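All remarks here apply to the structure that follows.
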Amino acid sequence: GDPLKVKVNKLTSIKTQLPYSYYSLPFCTPEKIVDSAENLGEVLRGDRIENSPYAFTMQEPQLCTVLCRIMIDAKTAKQFKEKIDDEYRVNMILDNLPLVVPIKRLDQASNTVYQLGYHIGLKGQYAGNKEEKYFIHNHLAFTVKYHRDLQTGSSRIVGFEVKPYSIKHEYEGKWSEKTRLTTCDPHTKRIVVNSNTPLEVEVNKEIIFSYDVEYQESDVKWASRWDSYLLMSDDQIHWFSIVNSLMIVLFLTGMVAMIMLRTLYRDISKYNELETQEEALEETGWKLVHGDVFRPPSNSDLLCVYVGTGVQFLGMVLVTMIFAVLGFLSPSNRGGLMTAMLLLWVSMGIFAGYASTNLYKMFKGAEWKKIAAKTAFMFPAIVFVTFFVLNALIWGQKSSGAVPFGTMFALVFLWFGISVPLVIVGGYVGFKKPAMEDPVKTNKIPRQIPEQAWYMNPIFSILIGGILPFGAVFIELFFILTSIWLNQFYYMFGFLFLVFIILLITCAEITIVLCYFQLCSEDYKWWWRSYLTSGSSALYLFFYAAFYFFTKLEITKLVSGLLYFGYMLIASYAFFVLTGTIGFYACFCFTRLIYSSLKID
């Protein structure tokens with residue numbers, strides 16, 4: 001007998017990717033529209049949760065309840081038709097569960113799949129007629145599933161489903177509040193079971209919205225009510241992708257181990273036994289460049305900034321993943337993932353400042369404040385400008401996905417109020433710490449780099465280096481893109497964590513292998529090259545996103561296309577910073593290790 005509050009969320013479409021608020025279309029409204037409080041993540045996702053005129057009472061079924069009647073003018077008809085054309089879906093929420101449409105599948109063992117939200121309407125033709133008509137879903141048959149707790153006797157909601165119908169309601173006489181429908185009347189046992197007499201969207205015609213509610217007892221416990229939403233039917237492909245990635249990792253690990261053991265052990269022992277000066281002159285490969293290998297690179301300031309930003313990113317991703325794997329960021333907490341990532345990004349600023357100024361001090365730099373400021377502003381500024389431009393585009397479409405001014409202000413505050421001071425503090429600490437000593441002395445005069453073979457050309461080896469890290473993650477990437485752009489839940493955080501660890505190892509190892517080959521051919525400029533080698537996987541990521549856009553998505557609008565590529569550009573840039581930093585640190589530790597084992601007077 002308790003009243004149940006049904007809330008309405010945004011209208012979504014996978015064809016346009018532009019969400020709209022529910023009441024942007026002339027649906028039935030409650031007396032007063034009240035916004036629900038939303039967290040930062042929800043606002044950024046474009047969720048607009050409001051109350052609705054649907055009145056449910058627990059375990060009291062309703063048949064043919066009339067919600068309201070509206071007359072359609074030309075403007076309204078055009079709005080409905082546009083939204084039906086773009087395949088918009090209505091999202092609702094009951095007790096924090098999203099509304100789903102169960103779809104029977106004949107080919108799968110678990111024959112029901114759930115689609116989030118119901119379509120506003122559909123296009124079709126009458127038999128024997130070529131002209132396309134627009135039909136609106138005006139009758140909703142809701143099913144509320146509940147689980148009865150035997151000890152307390154109370155019930156909890158564990159499912160919220162709907163079957164939408166389009167029906168041309170009829171009634172006798174003139175319309176009033178108490179009019180009974182002849183097409184749907186509980187007294188004469190007439191209920192809506194199909195859309196055989198659909199309601200067309202026409203100018204100067206009426207639409208009568210009605211609904212049924214039935215209650216079904218369910219065996220699903222309240223704690224596991226999300227399982228049916230999150231059940232992914234294809235676990236095997238994830239395992240396949242992980243085995244595939246592990247093969248890459250094993251191959252690379254073998255190469256690294258071989259380099260480490262064979263070459264280094266033999267080379268170092270031989271070099272340290274060299275007594276005579278003549279023999280020392282004949283040494284080849286990486287030992288020849290020991291006097292130049294720690295010479296600071298050109299644009300060393302920029303490298304410090306990028307390494308700092310990468311450390312900030314790595315920290316954010318690691319902590320977010322750990323939280324997600326432990327189950328803190330379940331999809332029932334809408335926007336939780338987004339909020340967590342933002343707050344973590346901001347608080348990891350202290351490590352960014354530390355990493356960048358400490359490296360800067362190693363390059364004998366003196367102006368640490370400049371470096372800390374660049375680290376605090378460069379990456380966020382580029383992302384913020386891109387985000388701002390995209391937001392202006394969404395705003396121009398009057399979509400609810402546009403971030404309101406207040407939220408923009410909150411984001412700027414997070415950046416300037418928390419992130420920037422933390423980066424400066426980290427920078428101060430990092431610069432106060434003594435810099436690492438180089439294991440070998442650097443010569444005064446830089447040595448000449450001999451002519452390189454074609455396959456050691458920087459561009460070629462950088463592009464080759466990006467293929468393997470990308471290959472390790474691309475299957476998981478497909479699922480992530482699908483969950484973002486096709487409105488599905490992503491809940492494979494365990495797999496994702498494994499894949500992320502594999503990505504870390506692959507980036508580190510491919511960089512070490514290529515760096516070793518580079519030093520063996522007496523090319524000592526490894527600083528930037530190590531960063532770009534693994535970072536180039538971001539280029540492949542962007543190409544894959546473009547491939548996904550043209551093969552899997554049905555986006556036709558220009559604005560939606562720009563949005564997609566804008567957001568994927570930000571994602572690829574972030575991926576570049578992340579993978580580049582991993583590669584850089586791997587190579588950094590590797591060079592220090594091999595040169596510190598040489599005995600050079």
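Every residue, even glycine, has its Cβ placed from backbone N, Cα and C.
Any TrEMBL annotation is an automated prediction that lacks curation.
Copied over from TrEMBL, here are the features:
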type	residues	note
TRANSMEM	237-261	transmembrane segment
TRANSMEM	303-329	transmembrane segment
TRANSMEM	335-355	transmembrane segment
TRANSMEM	376-396	transmembrane segment
TRANSMEM	408-431	transmembrane segment
TRANSMEM	452-485	transmembrane segment
TRANSMEM	491-519	transmembrane segment
TRANSMEM	531-550	transmembrane segment
TRANSMEM	562-595	transmembrane segment
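With respect to Cβ pairs under 8 Å, the transmembrane segment (491-519) is most closely packed against 237-261, considering the stretches 237-261, 335-355, 408-431, 452-485, 562-595. Of the two recorded stretches, the transmembrane segment (303-329) does not lie close to the transmembrane segment (237-261), with fewer than three CB pairs under 8 Å once pairs fewer than 6 apart in sequence are set aside.
Long-range contacts of the transmembrane segment (335-355) within its own chain (CB-CB distance under 8 A, at least 6 residues past either end) are made by residues 38-45, 47, 307-309, 311-313, 315-316, 319-320, 323-324, 328-329, 372, 375-376, 411, 414-415, 418-430. Contact between the transmembrane segment (452-485) and the transmembrane segment (237-261) is supported: at least 3 Cβ pairs lie under 8 Å, counting only residues 6 or more apart in sequence. Sequence-remote contacts of a segment are chain residues at least 6 beyond its ends whose Cβ falls under 8 Å from one of its Cβ atoms, and for the transmembrane segment (408-431) they are 40, 308, 342-343, 345-347, 349-358, 360-361, 368-369, 371-373, 375-377, 380, 384, 388, 391.
Beyond the transmembrane segment (376-396), the same-chain residues lying 6 or more positions past its ends with a Cβ under 8 Å from any Cβ of the stretch are 18, 305, 309, 349, 352-353, 402-403, 408, 411, 415, 419-420, 423-424, 559, 562-563, 566-567, 569-570, 573-574, 577.
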